[in-house]
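**Student:** Here it is: the structure, laid out below.
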Amino acid sequence: MNTTVHPASNYSCFSINKPPFLKSSIAAVQYSSTFAALGLTSNLIAFIVLLKSFQRVQSRSRSFFLIFLGGLVVTDFMGLLVTGSIVISFYITQFSWPDIDPYCHFCNFMGMSMVFYGLSPLLLGATMAIERFIGINRPFARSTSMPKSRTVSMVLMVWLIAGCIALLPLVGLGSYHLQMPGSWCFFNISSEGYDMAFSLIFSLVGLISIAVSFLLNTVSVITLIRVCCGQDRSQRRRDHEVEMMVQLILIMLIASICWCPLLIFIAQTVLSGKSLQVKYLLLWLRFATCNQVLDPWVYILFRRAVFQRVYPRFGSSRGSIMTLYPSFRDTVRRFTRSSLGSNLGSDQTEEKEDSNVRPEPASKPPPASL
């Protein structure tokens with residue numbers, strides 16, 4: 001008696017979680033559609049806001065930071081567009097993966113997309129933390145004449161690194177598989193062989209990126225507080241520095257809250273040798289995808305222009321503590337004088353870039369006629 005074997009049975013992406021799965025509910029379709037639409041709209045608004053800010057910006061350090069933010073917005077937008085389109089198409093059509101993708105090309109593409117668009121924001125966050133650390137703590141190490149194309153090259157390099165990691169399962173280090181409930185593909189989270197190695201690579205790269213961001217951002221914030229409390233000059237430049245650091249800290253916090261549960265869960269699963277608990281994988285994966293929706297609202301809401309519209313006196317109330325308490329101001333200056341030597345030169349250099357209008361020297365009054 002002849003038995004027909006489905007072509008997909010010869011390929012590894014269907015060997016662990018074999019379709020067909022249970023049909024998805026209407027609630028899953030509505031959730032995925034609403035989530036994708038909200039994320040795409042948020043990132044599109046954020047991109048428009050960043051584009052307008054980039055056209056008006058005069059500070060070189062601020063323009064570098066906006067390029068990184070633009071790369072992050074593009075990454076989040078494309079990640080939602082690519083993966084969301086596949087998931088929603090599955091929920092609407094209920095297509096059979098083995099029938100439309102017998103050779104696992106489509107499944108491998110989605111698995112690569114999940115890894116690439118997952119690691120890229122974390123790596124970009126660490127790169128932004130490094131750039132701000134150098135700009136605040138080592139101002140002379142970064143040339144003031146560095147072209148903006150170099151920042152674009154750094155964003156492209158981050159994408160290249162994330163892309164190379166996503167390609168590892170295609171060369172034998174790990175493997176992509178169809179995951180329950182059958183709407184998506186991801187790498188096999190297992191404690192065996194190359195699957196364990198790739199699972200640890202993905203988890204450790206993400207956790208190290210978050211740790212680097214936390215460490216460097218903490219140092220940068222401490223240095224920025226010392227600089228702002230130590231002198232009263234070039235306040236406008238420091239406002240830009242504070243704005244960038246607030247946005248960067250919020251990006252780091254959102255990434256940590258959204259991604260750490262999934263990354264830690266993957267590491268614990270492969271190191272303990274326990275079987276994969278699908279319900280927790282789906283739960284922490286949804287937490288991780290929230291990062292792509294929450295990130296753009298950092299750029300939309302946490303800007304000085306927004307604060308000044310909500311609280312008009314925000315711009316005029318700066319430095320009130322230093323003005324009201326001169327003794328405290330002198331104490332802070334003496335305490336931080338030793339740490340300001342390498343930063344004051346940068347303040348004077350970039351102050352010229354941040355403002356086109358310099359205060360005119362007070363003209364002497366004409367002598368009174370006798």
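Positions of Cβ are set from backbone N, Cα and C atoms, glycine also.
Per TrEMBL, the features are:
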- 28-51: transmembrane segment (TRANSMEM)
- 42-299: domain 'G-protein coupled receptors family 1 profile' (DOMAIN)
- 63-92: transmembrane segment (TRANSMEM)
- 112-134: transmembrane segment (TRANSMEM)
- 155-176: transmembrane segment (TRANSMEM)
- 196-225: transmembrane segment (TRANSMEM)
- 246-271: transmembrane segment (TRANSMEM)
- 283-302: transmembrane segment (TRANSMEM)
- 339-370: region 'Disordered' (REGION)
**Student:** Go through the chain and flag residues at least 6 beyond the ends of the transmembrane segment (112-134) whose CB is under 8 A from any CB in it; none is fine as an answer.
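**Tutor:** Distal contacts: 64-65, 68-69, 71-72, 75-76, 78-79, 82-83, 141-142, 151, 154-155, 158-159, 161-163, 165-167, 169-170, 176, 184-187, 202, 205-206, 208-210, 212-213, 216-217, 219-220, 244-245, 248, 251-252, 255, 259, 288, 291-292, 295.
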**Student:** Tell me, roughly as an integer, the mean pLDDT over the domain 'G-protein coupled receptors family 1 profile' (42-299).
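**Tutor:** Within the domain 'G-protein coupled receptors family 1 profile' (42-299), the model's average pLDDT equals 86.
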**Student:** Within this structure, do the transmembrane segment (283-302) and the transmembrane segment (63-92) have 3 or more Cβ pairs under 8 angstroms, counting pairs 6 or more apart in sequence?
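**Tutor:** The transmembrane segment (283-302) and the transmembrane segment (63-92): touching, yes.
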**Student:** So which of 155-176, 196-225, 246-271, 283-302 is most in touch with the transmembrane segment (28-51), counting Cβ pairs under 8 Å?
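**Tutor:** Comparing 155-176, 196-225, 246-271, 283-302: 283-302 has the most Cβ pairs near the transmembrane segment (28-51).
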**Student:** Same-chain Cβ contacts of the transmembrane segment (283-302) under 8 Å, 6 or more residues past its ends?
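**Tutor:** For the transmembrane segment (283-302), the sequence-distant neighbours (Cβ-Cβ under 8 Å, at least 6 residues beyond its ends) are 35, 38-39, 42-43, 45-47, 49-50, 69, 72-73, 76, 79-80, 117-118, 121, 243, 246-247, 250-251, 254-255, 257-259, 261-262, 265.
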**Student:** State the residues, same chain only, that lie 6 or more residues beyond the ends of the transmembrane segment (155-176) and have a CB under 8 A from a CB inside it; answer 'none' if no residue qualifies.
**Tutor:** 12-13, 67-68, 71, 75, 104, 107-108, 110-113, 115-116, 119-120, 123-124, 127, 185-188, 194-195, 197-199, 201-202, 205
